[in-house]
Amino acid sequence: GRDGYVVKNGTNCKYSCEIGSEYEYCGPLCKRKNAKTGYCYAFACWCIDVPDDVKLYGDDGTYCSS
């Protein structure tokens, strides 16, 4: 697996979060995407040990089409 920002399906946008709320929000979010865990980094959810088939920010460029 790899580490990185997970993105919303179809938009390539990061999941924004607030520092301090990371474990209530980012941890479960990352686990739903089959990552080991995650936390809030630079106002977005950063996931640890993400499976290779899960798209991360940067895989399709950094354009966010919300």
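Glycine too: its Cβ is placed from the backbone N, Cα and C atoms.
Listed in Swiss-Prot as the disulfide partner of Cys40, from the options Cys17, Cys30, Cys47, is Cys17. Within the set Cys13, Cys47, the cysteine that Swiss-Prot bonds to Cys30 via a disulfide is Cys47. If you draw a 10 Å sphere around the CB of Cys30 (disulfide bond), it holds 25 other CB atoms from the protein chains shown. Counting Cβ atoms from all protein chains shown, Cys64 (disulfide bond) has 12 others lying within 10 Å of its own Cβ. The recorded positions close to Cys17 (disulfide bond), defined as a CA atom within 10 A of its CA, are Cys26, Cys45 out of Asn9, Cys26, Cys30, Cys45. The disulfide-bonded residues under consideration are Cys13, Cys26, Cys40, Cys45, Cys47. Their Cβ neighbour counts within 10 Å are lowest for Cys13.
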